[in-house]
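Report on one structure; see the data block that follows.
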Amino acid sequence: MAPYSLLVTRLQKALGVRQYHVASVLCQRAKVAMSHFEPNEYIHYDLLEKNINIVRKRLNRPLTLSEKIVYGHLDDPASQEIERGKSYLRLRPDRVAMQDATAQMAMLQFISSGLSKVAVPSTIHCDHLIEAQVGGEKDLRRAKDINQEVYNFLATAGAKYGVGFWKPGSGIIHQIILENYAYPGVLLIGTDSHTPNGGGLGGICIGVGGADAVDVMAGIPWELKCPKVIGVKLTGSLSGWSSPKDVILKVAGILTVKGGTGAIVEYHGPGVDSISCTGMATICNMGAEIGATTSVFPYNHRMKKYLSKTGREDIANLADEFKDHLVPDPGCHYDQLIEINLSELKPHINGPFTPDLAHPVAEVGKVAEKEGWPLDIRVGLIGSCTNSSYEDMGRSAAVAKQALAHGLKCKSQFTITPGSEQIRATIERDGYAQILRDLGGIVLANACGPCIGQWDRKDIKKGEKNTIVTSYNRNFTGRNDANPETHAFVTSPEIVTALAIAGTLKFNPETDYLTGTDGKKFRLEAPDADELPKGEFDPGQDTYQHPPKDSSGQHVDVSPTSQRLQLLEPFDKWDGKDLEDLQILIKVKGKCTTDHISAAGPWLKFRGHLDNISNNLLIGAINIENGKANSVRNAVTQEFGPVPDTARYYKKHGIRWVVIGDENYGEGSSREHAALEPRHLGGRAIITKSFARIHETNLKKQGLLPLTFADPADYNKIHPVDKLTIQGLKDFTPGKPLKCIIKHPNGTQETILLNHTFNETQIEWFRAGSALNRMKELQQ
């Protein structure tokens, strides 16, 4: 391999030199660091301003806030083609964040790139591998023991390549980012679909797969299809039991799980000022559930207040100077506009099984009775990256305190997940944690826990029909506890707390009464709590590891016999031929999320070992042939068996295969394992009615063909026993459909067209076998 300096020169020549943001204007102002942890990495609003002005002159129209931040980070603002929903933008993100479940594969890919240091500030956050069993400290100790090999790999890889490392117990990635790294106008990418949480602090924060993160860490311009912009105008003000969570629950009901695909959701209007900064983060966080690229709020005094309280008053002061670039222009155009009067917004609860099935809390009991959903609530769970702020915990404690005053405790089991060590320490100091314990709650570790399926649930048997209510973001079938009969509903933390006290979905805290131990009836008053502590936050324990200045002696070891970690082998290049006689591994019926494609929960321990985790490929998807999960016909033996076993059989016998999917295939998590696994086991194409954004990109990155039916009705022409030939790959060009020949067992054939969204760069990924392979080609 060529020397590192030569490789970098070649990469820069081929892909564009990273613009290090220095301008004479900045010299006249005090430099402000991006974070306390990176004192030599500065915020460069001057370059943002310069790029915005270039684009504004070109487009000659008012700009949305989303456009200002995105176009302000263009690699070449003077010549970049800009057309919403069509052109691919080459961007220069400010930083990268990775959680431990996705960081393993991202760092393994970065190691494979041959580069010696990350080109932008980057961090790893240990939050996904801690299973909830009995409570915080014990669960954390157990996780450190079980996951020692993975934590050691991530810590040493971070030290070797210049990546900050947040140790297990530090908190959930998105809360840590909000407290320390997000700021107005930042462009941040994260290997988690809820990265948009940072939009609550006025940043464009986008969830991506690990391969995208590798590009940015390598200093390569990052590609994003120019997003459309959906405006949500907020009027009135929140009050009573209505909360920020109800805004996004309402929006999800309007837009559905795919209504935001390819768009940034931009909140604006006079109602914004009635929402706290962390409340805005809640709304942006759950924007992932409508398929949005990200969501964002304009910079205002609530953000300034939060920045100051988290020790970043210097950033707030700098943002004040550039505020015109951190809010939308008057008269800017939105591709779609939704208006919500916050004064009329009622508390909502969404579910079960999908986050866009919205109900007012006042009506969900009647709907549940009609649908036959279990009314009794077995467990109420508050916290998660969506709702674990100081204000969230305070409002829940305010509800709990009223019940305790009347001698009541929860009828349901009740758990609390602090979002970070800082939140945990502060709610302990200020008494909120004890109030919630007194109600019957168990405080879990500062981690994702049950929200992502890390829950060793003991109170039910698998297959037992039951209801849980959470303040989380997703409620897909089996997501929280691997039980397909758990009816999970998402709502605000204070509503979860009230429902856990009552123990039933039929309870409406706005109108219904509870009976105290003295026999007297009382009604819960709407909770009120401070959005931020009156004093300073308590930082708690120090859980951050700085990368050393000199990492030349740092080693990163991956044992060849490890069951948790595995160095990556490059995928084969395209052989230059059309794809002939592809076997159909599975024709999926209905919803197929990344949880269905690559389950989390007990499988998280294999996130760094591609071959082992591939044993969960599509085990949650429903086979249209028999209506069952993880049961497909082997076309050779004609026997039904698990999906991964069948895929391995095909791979062993040189049979290439394809998956047929329905609408919004791959919605949910950003996990790129859902793309790596089919590629590893011999898949060549995924053909669907439509894709979720992140998953479609992840498939392209790994050399697969994500294709969509030109006519969605053609989905019905394909049967699981057919074979498919995909033609036109020799002339594979942007915008030109590919031809698919369907070969039926009776000898008849049909020809259909398949669309794609590949651009020239992405076609090169396919030809090279993967984006990582293409990166290596450019180094030679």
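Count begins at 1; order follows the chain as displayed.
From the backbone N, Cα and C atoms, a Cβ is placed for every residue, glycine too.
In Swiss-Prot, the [4Fe-4S] cluster site is described by CYS448, CYS451, and among CYS385, CYS410 the residue recorded at this site is CYS385. When you go through LYS521, LYS573, LYS700 in Swiss-Prot, the residue listed as N6-acetyllysine is LYS573.
For the substrate site, Swiss-Prot gives ASP192, SER193, HIS194, ARG474, ARG479, ARG607, SER670, ARG671; the one candidate out of GLN99, GLN779, GLN780 that the record lists there too is GLN99. Here the candidates are the modified residues LYS50, LYS233, LYS549, SER670, LYS739. The one whose C-alpha lies nearest to that of LYS591 (N6-succinyllysine) is SER670.
Sequence-distant neighbours of LYS233 (N6-succinyllysine) (same chain, 6+ apart, CB under 8 A from its CB) are HIS268, GLY269, GLY271, LEU337, ILE338, GLU339, ILE340. Each of the modified residues LYS50, LYS573, LYS730, LYS736, LYS739 was scored by the number of other CB atoms within 10 A of its CB, and the lowest score belongs to LYS730. By neighbour count, meaning other C-beta atoms within 10 Å, the densest spot among the modified residues LYS144, LYS549, LYS591, LYS723 is LYS591. Tertiary proximity for the compositional bias 'Polar residues' (551-560) is limited to same-chain residues at least six positions away from its ends with a CB under 8 Å from its CB atoms, namely 108, 111, 153, 156-157, 159-162, 566-567.
The secondary structure of LYS739 (N6-acetyllysine), as reduced to three states from DSSP, is extended strand.
In the three-state DSSP assignment, the secondary structure recorded for LYS144 (N6-acetyllysine) is helix. A coil conformation is recorded for LYS573 (N6-succinyllysine) in the three-state DSSP classification, outside any helix or strand. With respect to their backbone Cα atoms, LYS50 (N6-acetyllysine) and LYS144 (N6-acetyllysine) stand 47 Å from each other.
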